[in-house]
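The next block holds one structure in the form of structure tokens; read it before the comments.
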Amino acid sequence: MTNIRKTHPLAKIINNSFIDLPTPSNISAWWNFGSLLGVCLILQILTGLFLAMHYTPDTTTAFSSVTHICRDVHYGWVIRYVHANGASIFFICLFMHVGRGLYYGSYLFPETWNIGIILLFTIMATAFMGYVLPWGQMSFWGATVITNLLSAIPYIGTDLVEWIWGGFSVDKATLTRFFAFHFILPFIILALAAVHLLFLHETGSNNPSGIPSDSDKIPFHPYYTIKDILGALLLALTLATLVLFSPDLLGDPDNYTPANPLSTPPHIKPEWYFLFAYAILRSIPNKLGGVLALIFSILILAIIPLLHTSKQRGMMFRPLSQCLFWLLVADLLTLTWIGGQPVEHPFIIIGQLASILYFTILLVLMPIAGIIENNLLKW
């Protein structure tokens with residue numbers, strides 16, 4: 001008798017995705033982040049669901065309802081901090097996952113890569129709207145500043161911003177719609193992630209060497225299921241440490257002050273995972289130019305496949321490109337630091353130089369390095 005997991009219509013899908021999936025035998029720990037992102041997403045949906053049961057999306061009670069969750073709901077503080085810090089862990093995994101894709105040439109699977117970029121934008125939008133919900137000072141002013149950027153769009157900008165706000169400022173209507181979107185988007189992300197996997201399984205996984213691995217495939221289970229479980233346990237340990245020892249480490253103290261439209265915080269800044277993009281935005285004195293640079297800083301990922309000049313797929317055997325890649329990582333860390341600093345000398349010029357370097361590495365230096373490496377190998 002044939003095994004039910006290979007014949008049942010539903011079980012067959014699961015079997016072909018997580019059990020009998022032929023997987024390259026040499027994929028490293030950098031390939032763990034895909035499954036970790038799945039774990040993070042499920043965790044965020046579950047904790048978010050329980051938070052939504054006690055949260056009220058109203059300007060007068062939102063801040064109090066979050067306080068109520070932390071003080072009065074059984075283990076409410078755990079749920080709240082797992083959700084808040086879970087977002088940070090989510091973004092760490094995201095950056096690692098995208099970095100892996102850049103390093104090993106995974107962007108040469110165009111459908112998977114493009115769905116990934118859409119996922120990245122959707123997750124960033126979801127995280128931004130989630131940050132507004134506690135209705136603290138940084139929630140309110142962050143929402144005001146970031147939504148206001150849309151007013152830089154010629155002709156329709158102002159109308160567009162007021163349409164998004166649902167009034168003439170960030171107010172009750174804005175909070176209500178942000179809650180609605182923040183609730184629905186994770187389920188859209190879940191569907192997109194399924195499509196992302198669907199396209200990945202059309203081609204099979206890439207591997208560190210960048211050469212076809214059809215001759216050496218192993219079943220996903222038990223080899224990679226156990227590896228993914230280990231990754232998930234390490235993720236859980238990291239998150240638990242963060243939640244139980246320093247839950248506010250990555251947050252902003254200003255968000256413990258209820259939102260006040262009459263008092264602007266001294267330094268308005270988003271969550272740490274947006275600081276690199278915020279630094280790029282601030283490094284351009286012109287409003288529209290800054291907004292375009294901000295969007296392009298992420299959208300640039302979409303043209304990476306077109307800029308691939310090397311005859312090798314990954315960077316495993318390309319020392320020049322490796323140096324540029326790690327320079328890019330250092331540059332992004334610098335931008336993250338600058339994004340959290342006030343707009344004054346010397347931070348302005350450092351931010352501008354780091355922004356120029358970011359685009360130069362991706363658009364100019366990496367393609368040139370690929371050509372040089374081809375010539376060095378006489379290819």
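Easy rule for this one: first residue shown is 1, then count along the chain.
Cβ from N, Cα, C; glycine included.
Quick look at what Swiss-Prot lists:
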TRANSMEM  33-53  transmembrane segment
TRANSMEM  77-98  transmembrane segment
BINDING   H83, H182  heme b b562 binding site
BINDING   H97, H196  heme b b566 binding site
TRANSMEM  113-133  transmembrane segment
TRANSMEM  178-198  transmembrane segment
BINDING   H201  ubiquinone binding site
TRANSMEM  226-246  transmembrane segment
TRANSMEM  288-308  transmembrane segment
TRANSMEM  320-340  transmembrane segment
TRANSMEM  347-367  transmembrane segment
Maximum Cβ pairs under 8 Å to the transmembrane segment (113-133) among 33-53, 226-246, 288-308 is reached by 288-308
Long-range Cβ contacts under 8 Å made by the transmembrane segment (288-308), restricted to residues 6 or more beyond its ends, are 98, 102, 105, 107-108, 110, 113-114, 117, 120-121, 124, 149-150, 152-154, 276-278, 280-282, 355, 358-359, 362-363, 366-367, 370
Interface present between the transmembrane segment (178-198) and the transmembrane segment (33-53) (three or more C-beta pairs under 8 A): yes
Considering only the binding-site residues H83, H97, H182, which residue has the minimal Cα-Cα separation from the residue listed as 'ubiquinone binding site'? H97
Other C-beta atoms within 10 angstroms of the C-beta of H182 (heme b b562 binding site) total 21
Using a Cβ-Cβ cut-off of under 8 Å, list the residues of the same chain that are 6+ residues beyond the ends of the transmembrane segment (320-340) and lie near it. 99, 102-103, 269-270, 272, 274-280, 282, 310, 347, 350-351, 354-355, 357-358, 361-362, 365-366, 369-370, 372-373
As a whole number of Å, the Cα atom of H97 (heme b b566 binding site) is distant from the Cα atom of H182 (heme b b562 binding site) by 23
Near H83 (heme b b562 binding site), how many other Cβ atoms are within 10 Å of its Cβ? 21
Count the other Cβ atoms sitting within 10 Å of the Cβ of the residue listed as 'ubiquinone binding site', across every protein chain shown. 14
Do any residues, 6 or more residues outside the transmembrane segment (226-246), come within under 8 Å Cβ-to-Cβ of it, and if so which ones? 29, 32-33, 35-36, 39-40, 78, 81-82, 85-86, 88-89, 93
Identify, in sequence order, the residues in the chain of H196 (heme b b566 binding site) that are 6 or more apart from it along the sequence and have a CB within less than 8 Å of its CB; answer 'none' if there are none. T112, I115, G116, L119
Short question: which residues 6 or more past the ends of the transmembrane segment (77-98) have a Cβ under 8 Å from it? 30, 33-34, 36-37, 40-41, 43-44, 47-48, 50-51, 66, 69-71, 116, 120, 123, 127, 130, 235, 238-239, 242-243, 247, 250-251, 271-273, 301
Within 10 Å of the Cβ of H97 (heme b b566 binding site), how many other Cβ atoms can be counted across all chains shown? 20
